[in-house]
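J.: Below, the features straight out of Swiss-Prot:
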type	residues	note
DOMAIN	16-140	domain 'Toprim'
BINDING	22, 109	Mg(2+) binding site
SITE	46	site 'Interaction with DNA'
DOMAIN	155-614	domain 'Topo IA-type catalytic'
SITE	165	site 'Interaction with DNA'
SITE	166	site 'Interaction with DNA'
SITE	169	site 'Interaction with DNA'
SITE	174	site 'Interaction with DNA'
SITE	181	site 'Interaction with DNA'
REGION	189-194	region 'Interaction with DNA'
ACT_SITE	343	active site, O-(5'-phospho-DNA)-tyrosine intermediate
SITE	345	site 'Interaction with DNA'
SITE	545	site 'Interaction with DNA'
REGION	733-771	region 'Disordered'
REGION	846-888	region 'Disordered'
REGION	910-947	region 'Disordered'
COMPBIAS	915-934	compositional bias 'Basic residues'
């Protein structure tokens, strides 16, 4: 830990003050504003927490029945707090600093977490000097000096709210997660919000899987207005067929998820066109003239968007910048701590009077008086927890720095987020955008049939706030930007139009779009689940747990997520019920507002009581009883079986979630009538909605034994290519009399007692992993035989007498002589390198560590937008990772070396940069002499302080 910032004594005998914040960056900034009378140091986040593992539980509590929870559920839910191992030196240092000051200022963030950090600091440091709570929502000199001059008391209601959530999440996770370990797979987790978020994503995938597409047609007409008005602008435009003989032509909105017309449609007034009908109508209209039946023009206005709050910033950064929620919040945190924007965790869209004035002044200077709204705009919304209702996210200060003014001070990501916040804030005080819409109804005849075409246009007459900011639409969900224009000629009723071209246009309805991070945040917010400050961590958690992976920007659930969600829905329905979870959030907010007693609430939730609605967890006997009663009734095979559909013979097809991954299964009747399972491995890149009956049949038809390539002419053994647990490989099939001791693709066999016998007891088939340049579907017998020759003997070193071999390893091709390995530059070298060439390589001095020759990259990508350097995918000690030569970022679950995009690689690098350098084990702190502290009243909770 670095030395404190500031002097240990004030000027002219003024009080010496210690200010504690969460981060070193924040400490540096505050130290510059507060001056030498203040010592500013950081706690680096929370210093205490519940035990993470059983090993963290102090010895005297290990025998307690509640020890595994870290919460004494029998004593008013007292939490067992321990100082986390990595923070012990920090606590020692802070205690030493506290001995030389007259006042302690706790300047952590003003939300639940910040208030809790401040409370834990008080309980751990046990200060004997006056303690003041210093709160600010932006890090500017004016805000910091004002906060120091007007401190407040610690808000215990807010501390209670944080502690209750922490205890609740611990009880939920530690009681429900073991059910998943026993019934689904080890290392899974359940959570109050993460399980509901997973259910939302799974349900959307279910909807996609059940979706039946409907096909419908219409006609697009290209029309010429010059026959009536040679000066019309534009002269040509397009219109779409909307009615035939008084019947409205069906559009995608008229069809339901099953591919039929929706129940609320008046079927007698709708016509569904097919290819033939549309083509016939188009043929009948060729060369005809159409008439404008009506032209309706209307004025419209569009109001600016409110300034950002946490959730809308995450959504817009996701849509506009393609940033993940985690990446957005990490960047916003840096901007806040360095004094560029206000606090980034807020539910409020309100601006202070000075911020409104700053935005209006800047809009006036940059765009002109006419672009500023006539009066100040204030955006108010109902905030669940008034005590956490900070100002909206905006540029810091009483005057805003323009993006141009700070572009040289910020990195690329920081600049993009700052510009986004600045534009949104300034635009919020600008004038409405104004424009006109024009709707044309055009009629004609196709033989005996009366047809109606429609065209709609939009023209922006005054951009207003759109000069500064245009909100981005979610591409997966469709939509149109606010500044998009569609110009039509100004026509009047009765004018004639020539038909230039007619195109029958076929359409198919699309399944509901998968959630992106942005749309998931919006859904969680609309449902009232979680709070904006937690959304980024929730989305990260469901990906880290393997429940969800990204495909482009879409969130795709895994089959494990299906199994877990199904189990929770069937046996713990209230825990993943949207309304119940939202109601629980409101109740927790009531604790923060001082309207609910936390101990009583937790007691009802865990042990049961008369709290909540008729079927609440409390009235059902509480969480503990719910888990205890239900766990024995859970059929593991049932919850791990996801029925997809019936095949053509009425046989159910299931996805089974097994210990080594998901697989397909159905039962087939043998000649004797006995049912035997037919199974097929699932490709990890196949998404659930892509697993159709046709695809399933193809997988079932793929031989489990692999693709036969041919016969080795030397041994007569059959050579097959397989896809194994550790990737694709080739192997030889030994004759039955040679294969008494093990399966070719296992190398071991099970004994009667279930133990695996060594493959060395019998012949072992030759195997070889495919090279990176090879594909399982196209590899030839010739390629396979070359692989089976590896490791290839190159020759014998005449000097040492040691054999030199060429081999293929995890890190690429290499030479091996005894214990001395040297990398090869290409895979082809393994098959063609000569002894002389190998000896030349060994004659060169061996370079160790980072100076050694690196294996070739797994894949080359484009340029990183932040560093401007090329990105490579490499294979490292802990698996594949992306690098630009400066920053390394491991690929996460769901990221595939072959399919990863430049955009995703850049996102991983940006996330890694945002987390800062890798933390090395801290050096042992020097001992700081401290006076013996007076015995204080015991802290709430079971606290374990360092000796």
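Each Cβ is built from the backbone N, Cα and C atoms, and glycine gets one as well.
Surface or core, plus neighbours and distances: that's what I need for these features.
T.: Residues of the domain 'Toprim' (16-140) grouped by DSSP class, helix first, strand second and coil last, total 45 helix, 27 strand, 53 coil.
Residue 109 (Mg(2+) binding site) has a Cβ environment of 25 other Cβ atoms inside 10 Å.
Within the same chain, residues at least 6 positions away in sequence whose Cβ sits under 8 Å from that of residue 46 (site 'Interaction with DNA') are 84, 87, 113, 116, 117, 120.
All protein chains shown were included, and the count of other CB atoms within 10 Å of the CB of residue 165 (site 'Interaction with DNA') stands at 22.
Secondary structure from DSSP puts residue 166 (site 'Interaction with DNA') in a helix. In the structure as shown, the Cβ atom of residue 166 (site 'Interaction with DNA') sits within 10 Å of 19 other Cβ atoms.
Taking a C-beta cut-off of under 8 Å and a sequence gap of six or more, residue 169 (site 'Interaction with DNA') has these contacts in its own chain: 191, 192.
Residue 174 (site 'Interaction with DNA') carries a helical DSSP state (H, G or I). Residue environment of residue 174 (site 'Interaction with DNA') contains 16 other Cβ atoms, counted within 10 Å of its Cβ in all protein chains.
Taking Cβ-Cβ distances under 8 Å and a sequence separation of 6 or more, the neighbours of residue 181 (site 'Interaction with DNA') in its chain are 187, 188.
Confidence across the region 'Interaction with DNA' (189-194), taken as the mean pLDDT and rounded to a whole number, stands at 94.
Annotation for residue 343 (active site, O-(5'-phospho-DNA)-tyrosine intermediate): same-chain Cβ neighbours under 8 Å, separated by at least 6 residues, are 109, 110, 111, 137, 138, 336, 390, 391, 393.
Within 10 Å of the C-beta of residue 345 (site 'Interaction with DNA') there are 24 other C-beta atoms, taking all protein chains into account.
Secondary structure at residue 545 (site 'Interaction with DNA'), as computed by DSSP, is coil. Packing around residue 545 (site 'Interaction with DNA') is summarised by its Cβ count: 20 other Cβ atoms lie within 10 angstroms of its Cβ, all protein chains included.
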J.: Should anything in the same chain at least six residues away from the region 'Interaction with DNA' (189-194) have a Cβ under 8 Å from its Cβ atoms, list it; otherwise answer none.
T.: 168-169, 172-173, 176-177, 179-180, 524, 529-530, 534, 538, 541-542, 545, 547, 564, 568, 575, 581, 584
J.: Could you tell me the C-alpha distance between residue 165 (site 'Interaction with DNA') and residue 174 (site 'Interaction with DNA') in angstrom, no decimals?
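T.: Cα-Cα, rounded: 14 Å.
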J.: Count the residues of the region 'Interaction with DNA' (189-194) that DSSP assigns to helix (H, G, I), to strand (E, B) and to coil, and report the three numbers in that order.
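T.: Going through the region 'Interaction with DNA' (189-194) residue by residue, I get 1 helix, 0 strand, 5 coil.
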J.: What same-chain residues, at least 6 away in sequence, bring their CB to under 8 Å of the CB of residue 22 (Mg(2+) binding site)?
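T.: Long-range Cβ contacts: 42, 43, 44, 45, 108, 109, 114, 117.
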J.: Work through the recorded sites one by one (166, 174, 545) and name whichever has its CA nearest to the CA of residue 345 (site 'Interaction with DNA').
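T.: Given the candidates 166, 174, 545, the nearest one is 166.
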J.: Measuring Cα to Cα, how far is residue 545 (site 'Interaction with DNA') from residue 166 (site 'Interaction with DNA') in Å?
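T.: Residue 545 (site 'Interaction with DNA') and residue 166 (site 'Interaction with DNA') have their Cα atoms 20 Å apart.
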J.: May I ask you to report the DSSP-based helix, strand or coil state of residue 343 (active site, O-(5'-phospho-DNA)-tyrosine intermediate)?
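T.: Assignment for residue 343 (active site, O-(5'-phospho-DNA)-tyrosine intermediate) reads coil.
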